[in-house]
Structure formats: structure tokens, C-alpha cells
Ligand SMILES: [Zn+2]
């Protein structure tokens, strides 16, 4: 079991990074659509989207501020989206829990990096049906570099993982289009699976796909069944979740 102080510090780090990831989720799609005033990731400073009130430092503390303000802007009282709290809370819990359970520090750091890539991808795909290249591609390169500089996987496995990950979903896409005449997956999905192949190796791809498909079916049954556009369920969140689970199972040495 890791030191409680280390777990707490990890949780705080998770909340801070989660807060930044939340900004990425809010701004990156707008920035990609070149919306007016979308700015970049650092500018303009955090503000209320309803009244443009610029947040003071104490309104911008991860978790604490949302709870203190009870989820409302302190000037115009418009609701701050719950997802702002969720992304901070999820990251804090994930960092604290993984710091508590996982003994191997390099694996822990790699896992946190993977989280910082996958969480915004999953959330942007949920909201916008989009997996931006500017997130999937660095994630792929990071996976290859990780396996170049550590002994988690042989580099060849990671390289073939990236290629096979892309090809596997590309083939599914082409097959699906041939049979149904519709597009079932997006190119972002291929790139995300390529990135997961680079992180987890080609051997892990069947498990990732199986887990993601099971999650997808379950998610569809629970959430998306009643939506009219049910043929465009985002697959990215399920791929991201599956990749994270498989990476943990592959490499983590647990406390217990
Ligand atoms: Zn406001």
C-alpha cells in the first residue's frame, strides 16, 4: 500500500489536470471549427460562458469552487455544467486510487499520461462525435516513445500494434459500408485504436475490441437506444475505456 500522503497528493494532481482537461474538452472542438472567440487553450482566461464574467482565483479551484458556488456562476447564477465537476472528480479519484493500488511508479506515470490523452478524447467524442487528430496522433507517438524507452513492451509489438489497430477498424469500416451502404465508424476510431495498439501492443487488440464492443452494446442498450440517430453511437469512449483497462491489466503490479 502506498503512502496516504502520496495518494492525497496524487488526487490533488488529478483534480488540477482534470480541470485543464475540462478546458481542452470545452475549447478544442470550438477551436477546430474556428468559431469566433474560441481562442486557444490558455486564452481567454476562464470565464462564465453566459455572462463573460472573468473567474477570480478562488472561483477557479478544481472541485472546491464548483462545490462552494453550488454549481452556479456567482454573478449571473447560470448553471456551471455538471461535466466540469465530473471531469475533475473522475480524474482526482482515478489518480488517487491508482496511486494507492499500483506499486510500480513508471507504470503509474504512464497510466496517468494515458488518462490525460483518453479522457478528453472520450468526452469530446461523446459530445461532438469527433476524435480530433491533434489528440489521437500525439497519443500514438507517446505510446511508441514509451515502449522505446521502457521495457513494458518490445518496440516491435507496439509498432505492429499501431499498424494493426488502424487496419483492423479500417477493414470493419469497409466491410460495414459494403454490406449496409452506410458509414458505421469514423476515421478517428481507427486512429484511436492505432494509438491503443502503440500503448498495449498488437496482442492486446482483440481484448480491447471485445471489451469496447461489449461496452458499446451495453451503453447503447442503456443510453442511446431511444435516440433517433442511433446509428451513430460514438465508439471512442468505449475504445478509450477498454484501452485503459487492458493497459492496467497488462502492466500494473497491484498492492494486494
Ligand atoms: Zn455568469
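Just so it is clear, glycine is given a Cβ too, placed from its N, Cα and C backbone atoms.
Per TrEMBL, domain 'Prepilin peptidase A24 N-terminal' is recorded for 12-100. Sequence annotations record features per position, and here TrEMBL assigns domain 'Prepilin type IV endopeptidase peptidase' to 113-218. Here TrEMBL flags 6-25, 80-103, 109-127, 139-172, 192-220, 232-253 as transmembrane segment.
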Mean of pLDDT values spanning the domain 'Prepilin peptidase A24 N-terminal' (12-100): 87
Other parts of the chain folded back onto the transmembrane segment (192-220), taken as Cβ under 8 Å at six or more residues beyond its ends: 114, 117, 121, 131, 136-137, 139-144, 146-147, 153-154, 157-166, 168-169, 230, 233, 235-243, 245-247, 250
Counts by DSSP class (helix H/G/I, strand E/B, coil) across the domain 'Prepilin peptidase A24 N-terminal' (12-100): 48 helix, 4 strand, 37 coil
Tally of residues which DSSP labels helix, strand or coil - the domain 'Prepilin type IV endopeptidase peptidase' (113-218): 90 helix, 0 strand, 16 coil
